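All remarks here apply to the structure that follows.
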């Protein structure tokens, strides 16, 4: 079992986090306003969509760096010669160790599986741009299936103090959306969310792989 380049993962994760936040922060603001119970225009529309970008980008470096070094370490720690069918489970465990959210539990095992499939089909490890494409597909799929949870989170954040929604009960928030708006309410903003996160997956995971490969190459290590 080879020791991975933890320093490269740390730096590459931070760089990837900054890149994706600088580009996608405005789109996330638009998505949040689309999901607002007030409606898009009353929630602010297109006004001030770049407000807070610099501070968010600066804060994302340590967060993304911590996630990826944890993710790579847990993958390395759990590495064995067991059945390849168990690999998605290991990737889920690694993703949950880095960030315990349903989105990561879907995105990262799918990303790793798509990379493994593409590597097998072309008989060599995927390039960084191919990893980015896999990241886009994985991100888009994860974004679609977790949209109801994102809607519930948005409603809880925007709820008036003292209301039942503001209590933070996700199931209650989901039930409220279903009762008043049905399926379309649960998947409000799904297309912008999929587009933004697909682009985010392309940038985030592509930048991570490219930066990590570059740093490992400088150190004379294998990616």
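Backbone N, Cα and C atoms are what each Cβ position is placed from, and that goes for glycine too.
Values in this document were obtained by computation on a predicted structure and should not be read as measured data.
Quick look at what TrEMBL lists:
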type	residues	note
REPEAT	4-77	repeat 'Solcar'
REPEAT	126-214	repeat 'Solcar'
TRANSMEM	6-27	transmembrane segment
TRANSMEM	48-71	transmembrane segment
TRANSMEM	186-208	transmembrane segment
Exercise for review: Report, as numbers and ranges, which residues of the same chain sit near the transmembrane segment (48-71): CB under 8 Å and 6 or more residues beyond its ends.
Suggested key: 6, 9-18, 20-22, 25-26, 29-30, 94-95, 97-99, 108, 204, 208
**Study point:** Same-chain residues at least 6 beyond the ends of the transmembrane segment (6-27) whose Cβ lies under 8 Å from its Cβ atoms
**Key:** 49-50, 52-53, 56-58, 60-69, 71-73, 192, 195-196, 199-200, 203-205, 207-209, 211-212, 215-216, 219, 221
Review point. What are the DSSP helix/strand/coil residue counts across the repeat 'Solcar' (4-77)?
Key: 54 helix, 0 strand, 20 coil
